[in-house]
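Asks: In case it helps, Swiss-Prot gives these features for our protein:
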- LYS116: active site, N6-AMP-lysine intermediate (ACT_SITE)
- ASP33, ALA34, GLN35, TYR36, ASP37, SER82, LEU83, GLU114, ARG137, GLU174, LYS300, LYS324: NAD(+) binding site (BINDING)
- CYS418, CYS421, CYS436, CYS442: Zn(2+) binding site (BINDING)
- 758-841: domain 'BRCT' (DOMAIN)
Amino acid sequence: MEQGVIERARELRRRIENADHRYYDLADPEITDAQYDQLFRELQELEQKYPELVTADSPSMRVGGAVRKSFVKVRHSIPMLSLANAFDEVEVKNFVDRIFRRMGSSNPLEFSVEPKFDGLAISLRYELGKFVQGVTRGDGDVGEDVSENIRTIRSVPLKLKGNNVPAILEVRGEVYMPRDGFSEFNKRAMARGEKLLANPRNGAAGSLRQLDSRISAQRPLSFFAYGVGLIQVEQDLFEEIPQSIASTHSAMLAQLRAWGFPVSSLVEVVQGSDGLLAYYQRIGEARDGLPFDIDGVVYKLDDLAGQREMGFVSRAPRWALAHKFPAQEQSTTVEAIEIQIGRTGAATPVARLKPVHVAGVIVTNATLHNADQIARLDVRVGDTVIVRRAGDVIPEVAAVVADQRPPATQSWQMPTQCPVCGSEIVREEGQAVWRCSGELTCPAQRKEAFRHFVSRRAMDVDGLGEKFIEVLVDSGVVQGVADLYLLTVDQLLQLRMISTAESPHAFLREAREHLASGAYAQLEATLVGIGVDLAGEREVPQTWQADLLRAGLPTFDWNRKKIATKWAENLIEAIETSRDTTLERFLFALGIEHVGESTAKALSAWFGDLDLIRHLPWPLFKRVPDIGGEVARSLGHFFDQPGNQKAIDHLLARKVRIGDTHPPSPKLRGELRLANLLEDLEIPKVTPIRAAQIATAFGSIDALRNGGPEPLVEAGVPQSVAESLATWLLVPANDTLAVKAQKKLSALLAMMPEAGEEKTGPLDGQTVVITGTLAALTRDAAKQRLEALGAKVAGSVSKKTAFLVAGEEAGSKLDKAQSLGVEIWDEARLLAFLGEHGQQR
């Protein structure tokens, strides 16, 4: 495999992961859906052609996506997967051909076809025919409980019709805002001087995320059902439609209608690729006249048995496809091209545009992706460009209208210095991305590092928003992430006041007002004496806020009854809570390049100890399944940096505690062999076969170091391989790495238990269900602790449930458990059990 292929796959993963982070975690996307889909498809094609490129943490193996913190999180009983996308007829025909070959049927394939609604995916749960819960899609595995807001949507049935209603039924569908409702809402909002909704899609999503359901009730929302999740008929749970209910997708939709769910009247059943493409054409022509927004059509194999036979890939069903419409476009003028710096230093060019309406939204910025894209398009300041909101969401510059270019424009060049910190902007050979070389000395990178560190899937510091992170970094109060754990309530209050003041003069006047209004009236004359009353005209530097703080401005002990402090106290409490974490969260929070959640989880499971991981030579990381050379080298590079080790030391010194440390997995024992180490060192020409041959003949790295190629040749190793290995070992850095890796390999073998000694948890093989609200810990935290003891935590009660943990306001699950004779635990018993087995924190 060519090095260029490896590098391209690495670049694609980096760009996709960055796009996922900005879209789901930061809510600040920088590339369009169309560009994302293009990158994703290219990566899939590379991984299909070169399977050895596939890793467990590849973006192709997971569903993107993030859950907001305002609502209770709920894990879906069956994941809400996304769909593969098609953008042309060839991809649609290939989709049909794949199913045809797999099914081996001589009859034309039938497909259920429907519009791709542009709203918010939702899962509705019914128990004994009554609505009990509505959960957003979230990241596909975990969503937000928006039940009270769902209840306000009139098209959602609260009680199902008919006599054959399942005991448990999960219905998947889309909440959307009709176009006429959107228009009427904005008319009323404009008349009242209120903020307008940007588009129906944003209106639907924002309405469901209102904490006050009375606000949601005022929004014109509607719902279409298009599928099902979990079904329980009598005592049997199904993760697919049972034959007794329906044998085809279209029949299942008809049954949903009979139960009272709204199903689009545009759903049809067609045959073959010709039928699919004809439907796509018809819906595309009718699109502008529809009462709701759509961004494509969806094709699903109608036969449910065929769906089961086709199965799933990790990200999507093989039996369904989303055929998307072309993005909407408008022309405007480029007023400037600026650089944004991301967490890893990536320098992304952004076009500042003359405001233009595209698909119902005013667009002022558009991504240019990278310097190569700018060069390809030859975008210049002053150009008229075509702006596309790919997927009808994120704007990008799609093309330049060359014949409208004004005279004397100049080609754009990537700046040589970072606009934030002044460090050199560099690009590694073969890379498309330019990066600021300042690393964490660059405030922009520090800000992104902080945002990642406190995010929900990392250290989960609730309440620390993006704007306040900017204040913390700009002020110099925090230099590294460990400084978060030194913050005080007084510092936060001081920062908030300085950050919200329009000028130092306004700040000082506010200070005087606070002092004069409390028990400090005697200081008023002093303030007047030093010129506070006269402040107002003198020019001050833009850095005045940070300068005041760096100068050691004393904390103001103002009348706390007149200053809101609860937010600061809550934030400090959230920071304190985050001190107790898990190894996988801690590793993910460090922001190591290429180390996503799944890789962090694998490292935790296989090695179990931070001190071991942070001092491990990079080749040994490759013994973990699905960690390849690129990720292993990235880990090694990160831990080789003294600054990163120092940052970890600071976090531990400030009492960040990792509570799930354990010995290395015994499964590693069979992997820690000299042959594997020789292979993992990536020595040119040393293939797995040659590595095994050399390991058998020599037994250790030391035996290879000083003999040159001759002993290798005598042992039957080909001359070219022997010379390559001997030459590689002559490089001091390589020799040091090999010796260090050999020693660590031996140490690992000595510290791990034998396979038979592997500990089992007290709840191994048992299924547990949690219901209601727990006072001492969240349900997610309880779930993690129970899983650490071997339990499988399920979402519904059955005869196989070992026990049910019932918190406050436990509902139908408690009733079901009692009727089945399942053991009931209250929170006190749970906490006692966790404490007994070392899971109290």
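If you go along the chain as it appears here, the first residue is 1 and each next one adds 1.
Backbone N, Cα and C atoms are what each Cβ position is placed from, and that goes for glycine too.
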Asks: For CYS442 (Zn(2+) binding site), which of the recorded positions GLN35, LEU83, LYS116, ARG137 has the nearest Cα in space?
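Replies: Going through GLN35, LEU83, LYS116, ARG137 one by one, the Cα closest to that of CYS442 (Zn(2+) binding site) is GLN35.
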Asks: Calculate the distance in Å between the alpha carbons (Cα) of LEU83 (NAD(+) binding site) and the residue listed as 'active site, N6-AMP-lysine intermediate', and round it to a whole number.
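Replies: Taking the Cα atoms only, LEU83 (NAD(+) binding site) lies 11 Å from the residue listed as 'active site, N6-AMP-lysine intermediate'.
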Asks: Which of the recorded positions LYS116, CYS421, CYS436 has its Cα nearest to the Cα of LYS300 (NAD(+) binding site)?
Replies: LYS116
Asks: What is the interatomic distance between the Cα atoms of GLN35 (NAD(+) binding site) and the residue listed as 'active site, N6-AMP-lysine intermediate', given in whole Å?
Replies: 19
Asks: Could you round the CA separation between CYS418 (Zn(2+) binding site) and ASP37 (NAD(+) binding site) to a whole angstrom and send it over?
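Replies: One finds 29 Å between the Cα atoms of these residues.
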Asks: Going by DSSP, is LYS116 (active site, N6-AMP-lysine intermediate) part of a helix, a strand, or coil?
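Replies: DSSP assigns LYS116 (active site, N6-AMP-lysine intermediate) to strand.
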Asks: Reported as an integer number of Å, what is the Cα distance between CYS436 (Zn(2+) binding site) and the residue listed as 'active site, N6-AMP-lysine intermediate'?
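Replies: Distance between the two Cα atoms comes out at 41 Å.
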Asks: Across the domain 'BRCT' (758-841), what does the pLDDT come to on average, as a whole number?
Replies: 83
Asks: I'm trying to understand the geometry here, so how far is the Cα atom of LYS116 (active site, N6-AMP-lysine intermediate) from the Cα atom of ARG137 (NAD(+) binding site), in Å to the nearest whole number?
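Replies: About 15 Å separates the two Cα atoms.
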Asks: Helix, strand, coil: count each for the residues of the domain 'BRCT' (758-841), based on DSSP.
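Replies: Secondary-structure composition of the domain 'BRCT' (758-841): 29 helix, 19 strand, 36 coil.
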Asks: Rounded to the nearest Å, what's the C-alpha distance separating ASP37 (NAD(+) binding site) and CYS421 (Zn(2+) binding site)? Just drop the number here, would you?
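Replies: That separation, Cα to Cα, works out to 33 Å.
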Asks: Any idea what the Cα distance is from CYS421 (Zn(2+) binding site) over to ARG137 (NAD(+) binding site), rounded to a whole Å?
Replies: 39
